[in-house]
Amino acid sequence: MKLLTLNFLTCARKTCKTNPAAFPLHPREAELEQIEAEINPLLIQNLLPRINWEVLKTISQELGLPSLPESAPDSEDFMTEEGEPTQTLKDLHTLLMEMNVQNGKLVCGSCEHEYAIKEGIANFLLPSHMV
Amino acid sequence: MSEPVANGEAYEEEHVHEVYEQIASHFSSTRYKPWPIIERFLQGLAPGSVGLDVGCGNGKYLAVNRDIFIVASDRSPNLATIATTHPPHSVCVADILSLPHPAHTFDFAISIAVIHHLSTATRRTAAIASLLAPLRRGGRALIYVWALEQEGSRRGWSEGMEQDVMVPWVMRGKKAKKGKGGGEEAQEDRTFHRYYHLYRRGELEESVREAGGVVVEAGYEKDNWWAIVERGEGEG
């Protein structure tokens, strides 16, 4: 599961939806793997305003990745004058699209329920008493 | 057969979820061509749009537009695994009635051939509400469900017929192979039955309104009713 995806996930329990502590979910015992992906500057540039940078910073820190800059990069710094992707864009691409949590769990900060991640796929099915 | 059972969840586990889990790979090999209205909906989205594909199956709609980002989910872990082969999108295992997504966030959602598998009217309406809750204001959901009115199809269902039905899925067995040491024995065909609620004309729109949604556009295409829906002004 990509780090980008964690910006769009929260606890599956209805009672947690309104609790700010349920977002983002916290990765634990995470096995990270970098999986190469084709860079799409148009997508990243347009996704940037949709990404909660604070969330991304928190998650990166919890995963023990190098700390991110205080604020999100400026998309004007994404392409060189020759129209090639800059290092800023490449780094962001790696972080959002290539870093994957392959195994581990996601923990809700509100109810502390743990969702397993196996072979890159998080499982949000709840036992019936928790629905 | 009327509304199947009091415990819709357990019923669907046996007559929908377990079946898809077992037929996943065969089912997937027969599902590759996107339907035109859905393809157009996805291609019409602005680059960088973020959305959901709830009940993504083998992920055939994840191949349509690479300039958007879709968080797809399916109830079947086997199908979710098959769906992971479509960059840049993401896939997880989730139930439409308990989706793991923040409210008021997404630009769009699609749910294709999913809601007709829920076994009571209450659960079907709850599924639509669940699909609308993650949408931002102005965000749109595209919903497809199987129609009762299928006079042209080989199934021959039509107006006035029973709406809650079991539909067979036949997995063809292998033919016997001759070879050294006796070869392989033939395997028999296996038939699985999936539960469907067939929607009559107007029923999808009624359910959308009950779920607090507003129908923007709706129609009929190849044995299916479809609707493009926005979240109502009522909530949030």
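Backbone N, Cα and C atoms are what each Cβ position is placed from, and that goes for glycine too.
Because the structure is a prediction, the values reported are computed rather than measured.
Record features, source TrEMBL:
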DOMAIN    B:52-142  domain 'Methyltransferase type 11'
In the domain 'Methyltransferase type 11' (B:52-142), averaged pLDDT is 96
Secondary structure of the domain 'Methyltransferase type 11' (B:52-142) by DSSP, residue by residue, totals 26 helix, 30 strand, 35 coil
